Amino acid sequence: MLIKYVEFIKSATRAAHYPPGDLPEIAFAGRSNVGKSSLINVLVNRKSLVRTSSTPGRTQLINFFDVNGQFTLVDLPGYGFAKVPLAVKKQWGPMMENYLAKRANLRGVILILDIRRTPVAEDIQMLHWLQAYSIKPILVITKCDKVSKNERGKQSRIIAQTLGVETEELNFFSALNREGKDLIWRRIEEVLPAETAGSAGEAPKAT
């Protein structure tokens, strides 16, 4: 996917504040500190399009970004951070289900997991929601440079078994060495309308 430009559109907490659903959307979901911001920044070849919060999980906002005027990238709020107030945790479920259930232009969700961690209840809940609403999940396993080849194989089997999927459905990624970047773009292009998806490739450097 050749990235010509990426622009922030707006943040929202409820459907009434979402931007118009004129373009197909690809959303990114995952627990706090899973590497979601780094994944998005690498994919669009920007250093700080999405910034990592100093208080992970505390800001419960859905952030929308225009990509090339062709589709919308949606950064969903992280979940599972232990220090988040209970009231904030309770907001996450209804906010996510409302977005997934009512956003008709949502074409796929990148569900992000850390290679070193076993999926948590919220990861499984998110996958079940996607399956219930017939939304294509793209499973991305981050921080793969932090484990050995043998450990990657072992953890992949644990993650797949916990989620109830095949290991072949897992897409491996490293923000450090860019492993998996082109493959993930191909997975995204598979769920975008044909007229939107371009050929996978290196995005131009940001100016």
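Our numbering is plain: 1 for the first residue shown, then up by one each step along the chain.
Cβ from N, Cα, C; glycine included.
Positions annotated as GTP binding site by Swiss-Prot: 30-37, 57-61, 75-78, 142-145, 173-175. The Cβ of GLY30 (GTP binding site) has LYS36, GLY78, TYR79, LEU111, ILE112, LEU113, ASP123, THR142 as same-chain neighbours under 8 Å, each 6 or more residues away in sequence.
Annotated Mg(2+) binding site per Swiss-Prot: SER37, THR59, in sequence order, evidence recorded as sequence analysis.
Sequence annotations record features per position, and here Swiss-Prot assigns domain 'EngB-type G' to 22-194.
Secondary structure from DSSP puts GLY30 (GTP binding site) in a beta strand. Between SER37 (Mg(2+) binding site) and PRO77 (GTP binding site), the C-alpha separation comes to 11 Å. LYS143 (GTP binding site) is surrounded by 22 other CB atoms, counting those within 10 A of its CB over all protein chains shown.
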